[in-house]
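Beneath this line is the structure, given in structure tokens, with notes to follow.
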Amino acid sequence: MVDVQKRKKLLAKAAASASIPAIKGSVPLDSYDIKIIQYKNALYKLNELNRLLNVLVPHLKKKRDNDESYKIIPLVNFILSLCEGPIFNVSPVLAKRYHLLCRFQLIKLSEVQQRLSTNFIDVEGWMFPEEVPLDHYKSCIYNNSLQWKILNSLSCIAQNAIKIYNAKLRQILLERDAYKARSLPFDTSIIEDLLNPVEMTLILDLAVLINDPVRDKSTHSFYKLQWQVMEKLNSCVHSKIFPILRTYYNQLQKFSETRPTSLSNLQKDLPHWEWTLHRIYTFHLRVFSVLCVIISFSRQIFLPNKQHFLDIKTRLSSENVYHYDLIICELMALLSPECDDVTALFELQENLKFWTQTARTDNNSSRTPIFHLQPGLVVELFNNHICKIIPKLRSIMGLLSNWMDCWKYIEKNYKTFDETNDLRENLKEKLERDKALYLEVKNAKSKLKKKPSITKLPASSSPSPSPTSSASPSRQASLESIRTRARAHLASNSSRSPSVSPVRTTFNNKNAETKKSVVSPEKRKLINGRRPRSSSLQSYTNKQQTSYLNSTRHPSIAPPSKLNNQRSNSLQSSTMTLNQKIVQDTVRHLMNKSASTPNPSASSSLAPSPKVSSINNTSSGKSSSTLIANSSDTLAIETLTLDPESNSSELSIKRVRFAGVPPMTEAENPKPTKVGWYKKPAVLHYPPIPASAMIKPLQHKSKYNTLRQEEGFTFRKSLRDGLEWENGESGSETTMMPFGIEIKESTGHRIASKIRSKLR
């Protein structure tokens, strides 16, 4: 039952909203507009019925006159179901005549004179209540003369109802104009898309051709005919009716879920926003009419054939007895006449009465409430009324579709059982087997629904969002960004040693999330949009901090071959530029020399392999990935072992500047602060040359020559240390001076050099 207290509460809110000033440009919904919508709804359907009957009747008569053996019987009983609803309630006499036609009874064809009044149309409907015997129902359907008489009677009462509705519509428009002198005229074209009775086009298909009376009127053919009628209705609802209703339902849903509920959102999300309340009531009335047609068709087919669907032989011929019994029980609860008070149809009737419910005023006169357009009222009407309508309609159509599928399977696989067979025992055994199978499949489907559809990917910055939150979807990290972060993480870990030996790395999502949550003050400044000071105005300490923050965001290093192509800084002196070019040329010469004579220990252990990347998942839960890349200078192989929590599909190679030289530190690789700027090379502060290395001919007074001498000494020393480490030589006391001069280095100098290297 519908909650009466909730309806009264909504009615009180609607009455209270009458004192609220209306939104400028909106049109309130009152009793006059509700009556106009009711009259137009009936006129749309009756005019379409009259038009299609004028097309169908001459066509059938022409076929019958040309060929007497060509016998087509119109299925008027199903055409009457298309007219189900409150459209004939405009007159009690017409409503009674319509009910008699649905019982295959003839009526008087005299015109009904209705007293002119502008009352609300009663939404109470009538739905084929009796369970007529199957033989009587079948004989009436195949009775050609009876069907033609009922068809003519239906055309007469439809024309009579059209006259009454037109008179009522003219009168209510006059009353509305007199009551609302300056109000906008009610343009019914704004609700025409919702009121268009597209289901009436089924009238042209509701006829049966009889060639062989014995075969075409058999029980099997009769069941097939009814199944085809339901199939046409089901197809019409899904292809023509649902798209129109779904479009406006989605628009209302989008507006009701948008926060805040403002007038701008109302104007943006809803078509004809000034008439939103009129369209909501029209939508409600349209869904009620469609549901009346669906239930009337279903009752007219299910109730006469009820014993056939409950028969033991029919149940044994079904694919799954347990599933079939569940569907039949739900159909009986929905379509049985004694269950009218609990059906969705009754709830819709009560909800429609809410709009026309009258209230008593202070002077003891009755009036209907006036609904002023407010965003909050639209949201409340959607949440309390409309959001419950469409799910019920979908569930009913889903139930009917399942019933039709079972019925089709039964008719194709109907079995003939001997009388000697124990049908009840067979049914009991089949029911137990099918129940176990049905529950097993249902549990499997429920597990699949609960299983997340998105696998958890390892990300060094943020965990993957939950796939089950569809109401408020979060921004998910793309696969390319995850791979890029994984490459940066691997490159930073593997670049700590210049060796070519395999590197074993383990991803840890928790550590990555912890690191992400820590934001440095400098980075917070960058986030807030404040530009750091110019590099020429910063001290050495500030430059180191800024370059460290920038290098952590962009750890990629340009290859040596591209260093010469970079544009120099305009603030850098020409001597420093020349110094850099000399160092780069020397390094390139050494790299070519080392590439021509590769290390035998490394080359012997490496087999030629194509440039591929693969991931092998082992049974222990760990995945090993080997990536091989062949560059112009070196060949590097990295074998990575991932823990079970990580799933990485692409790894990266360690990148270094050249052989024997460790990668740039964070302070050496600053990132430009603006898009399009190139990176200014950091000023290198080399350790002073030891006193024992200061040879008199190489001492220069120029500042830049001294800096070049320190730089050359440092690079020569690092190259020598790298070569000694690769060849396994240690403890050598000779030191390589710039330009190939060998000197002896004391123990104190070696200790000081180690301390300085650690402090760096």
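Quick reminder: no glycine exception, Cβ is built from N, Cα and C everywhere.
Residues Ser464, Ser497 are shown; Swiss-Prot lists phosphoserine for one of them, Ser497. Checked against Swiss-Prot, the residues Ser91, Ser520, Ser609 yield a single entry marked phosphoserine: Ser609. Among the candidates Ser472, Ser501, the residue that Swiss-Prot annotates as phosphoserine is Ser501.
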